[in-house]
Amino acid sequence: MVANKERAIKRKASEGGAKPEPITSKQEPLDESNDEDNSNESDYESDKENLLGSIENEGEDSSDSDGEYATDDDEDDVLSFESLNSDGEEEDEEEDAGTTLEEVEREAEEDDDEEDGEDDEEADSADDVNSDSSPEEDEGDLEDSSDEELEEEEEEEEAKENGKEKPAKAKAERKQREEQFESDDEPLPDDLKLGRIEDVLGTGEKKTRGLGVFPPVPKRKGKAAQDEYAAGDTSDEEDIRNTVGNIPMHWYDEYKHVGYDWDAKKIIKAKKGDAIDDFLQRMEDPNFWRTVTDPQTGQKVVLSDEDIGLIKRIMSGRNPDAEYDDYEPFIEWFTSEVEKMPIRNIPESKRSFLPSKAEKHKIGRYVHALKMGWMKTMAEKRRLEAIRRQPKFYMLWTTDHGKEEMRRIHDHVAAPKRMLPGHAESYNPPPEYLFDEKELEEWNKLANQPWKRKRAYVPQKYNSLREVPGYTRYVKERFLRCLDLYLAPRMRRSRVAVGAEYLIPKLPSPRDLQPFPTLQNLIYTGHTSLIRCISVEPKGEYIVTGSDDMTVKIWEISTARCIRTIPTGDIVRSVAWCPNSKISLVAAASGKRVLLINPKVGDYMLVKKTDDLLTEAPRSDTVDSERIRSAVQWGEVTEEEKKLGVRIVITHFREVRQVTWHGRGDYFATVMPDGAYRSVMIHQLSKRRSQVPFSKSKGLIQCVLFHPIKPCLFVATQRHIRVYDLVKQLMMKKLYPGCKWISSMAIHPKGDNLLIGTYEKRLMWFDLDLSTKPYQQLRIHNAAIRSVAFHPRYPLFASAGDDRSVIVSHGMVYNDLLQNPLIVPLRRLKNHAVVNDFSVFDVVFHPTQPWVFSSGADNTVRLYT
């Protein structure tokens, strides 16, 4: 088909009387004068080549490195290819060089008969390659196949003429092999690719168009109305095949796919051929110059004629719409010429020549404003402006203006009004207001003391108002009224309205006061009866508990495992771990005995050192008095108790409720509430001696505490707390909590503040440097408080009671003595159960961590962290 077109072009050139010129290619245009006739063929081919070069951005073909196949003609932008022999010899070059225009005309006349049988539709289109329909939508597959067969026949004829015909059998075999590889989707071997290259180069044809040539625009006869929805109401989003969105596609360079379709399936990358495949496609595919690669799917898309035309119009700076008429006749809707005759000739209305009523009302308002002085005339305005511009004079002293104001009373307060007369002052009062003889006699007796009288007059009754005589006390009452107005001071009292919210102190948020225990972490189970007491080792690794099941248990804190159980033979009411970290010793109050137990936990050398220290009793030169020997006895332990860890037994004459250690770990005190003046006894471990500090009973003693720094002893009775100096043996202070029964107390690590719990649900904070009365009382429990405790390191304190709750509070004590302690309740931990109206018995803090332990009537010990 292409050859036939070229021959037709050459024939037209011969008819136009062009001079014969030698040509070097069969596809080269013959003469410049023939540009108008073949503007839709040859220029379009050069346009195709230039557009292909701009898309590929290549100066020359990558496969044509030596320039053997293609030759550029600088005069015409048309690419021509030379046909090579299979041996690589250039035979046609000499023959084509000698070809004249007469020979071309002769060949065109011989082919006239063949051209008559061609399809008429070929002349209407610029090129069959540039059809709008894609291969999937084209219905004329049979016509395309027939065109391809005609092209192949023409190529074979030309090859025969040039002496390049190949054996048909070898060509059929090569096509069969190519079809086999294409059906298996496998790349072609190099020999088949080279064979296809030879077939392509044998024809020496390449369809091109010029870049400056536009496809023919269909002629329009008038402007027909177009339906904007004729092509279908679609959107850009529906045509998108890859759903990855607007992202850089180089993110998928390392993967086998380039995204996902609407069914969430991977879009596999298209296979990329090598340079040979690219060259074959460039030579064979007539749509190669208009084929672009979709960056989102990797598929090759063939641009239609409309797309090519749109690109060319945009590149040349023209309107993208091909149907838009740039030179459409202008319609001047509004003329610029001045009309000499009136457009409308309506007669004037009556109001156009009558005076306006609105202006009449406005003038009336102006006149009224001038009469009232609100509006100034021009002369008046000039006079006021002249006065304003005159120099102004001021008084030297400001008091000259304020003489009249000084004569007046500043902030005058009105005198109180007199009381209105009552029923007793009436001329005809009711009978009950009249005096009887007894009341009249009493009124007369107070003549010397008139201010004590119930009334300053005697009520009288008259029949009519005419019978009322003159008032004898009128002048005197007027005079007293004047004295009141003159002498009685009057002033205004400013009352400050204070809201209830201002009386409540502003406390910080608990979030700002962390860390403090918030959740239950571990539960220590093993006792069979209620647990009354608990104590923690100074290093914070073990705890000891005492219970009504007559046992003392040693627990490991981190695992909640019971390490050792020591039976005592009686109810254990108090346990205390020795605060001295150099020895491992626990004091337990069980019945009338105090047991000093080596728990045998922790450092082995420390356990052995404790046993060596308690093995032999030191010799004492002093002799205890009779009242001490009758109250307490230091005894040895049996073999069974020794195996359990008991080292020393101290027997008292009454039941021991509490045992507490001194800070150094050598002294400890015991409390026997029924012991009268011997209720409190202090024992020395190093000398194995005991002493009674008091000679008289001051009340029923509940508990005692040693001061953490000073040699002081705090003794709590039912209603008072006494502070004794152990060196001077004097009472230093007596605290008055104002309660009926004290249950427990704890002292701050610094020693300046004391915490007291009562059976009356009240928690009291004492500042020992401030007062002997409570600094603050907290009513945060709903039942009796059993135990209170301070944390050794953190500003925390806790209280436990029979309402199942352990309340952790923030108690900050400042070094500045002028600043009061800050007390903020933080957390209520309510996990224990109520058994026989009892719940939580004891509470104690961990020595180093913000943890708290509690023991209760439900036979458990709970750790809160």
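Cβ atoms are placed via backbone N, Cα and C, with glycine included.
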Revision key, fill the gap. Students should find that the region 'Disordered' stretch in Swiss-Prot, chosen from 207-240, 615-648, is 207-240
**Study point:** Leading contact stretch, 737-776, 780-819, 835-865 vs the repeat 'WD 1' (526-565) - CB distance under 8 Å
**Key:** 835-865
Check your understanding: Taking the repeat 'WD 2' (567-607) as reference, which of 651-693, 737-776, 835-865 has the most Cβ pairs under 8 angstroms?
Key -> 651-693
**Study point:** Secondary structure composition of the repeat 'WD 2' (567-607) [DSSP: H/G/I, E/B, coil]
**Key:** 4 helix, 17 strand, 20 coil
Point to revise | Candidates 651-693, 737-776, 780-819; stretch with most C-beta pairs under 8 Å toward the repeat 'WD 7' (835-865) | key: 780-819
Review point. Using DSSP, how many residues of the repeat 'WD 1' (526-565) fall into helix, strand and coil, respectively?
Key: 0 helix, 23 strand, 17 coil
Check your understanding: By a Cβ-Cβ criterion of under 8 Å, what residues six or more beyond either terminus of the repeat 'WD 3' (651-693) are in contact with it?
Key -> 573-580, 582-583, 585, 587-594, 596, 617-618, 620, 622, 624, 627-628, 630-635, 700-706, 708-709, 713, 715, 724, 726, 729
Check your understanding: Averaged over the whole of the repeat 'WD 4' (696-734), what is the pLDDT?
Key -> 91
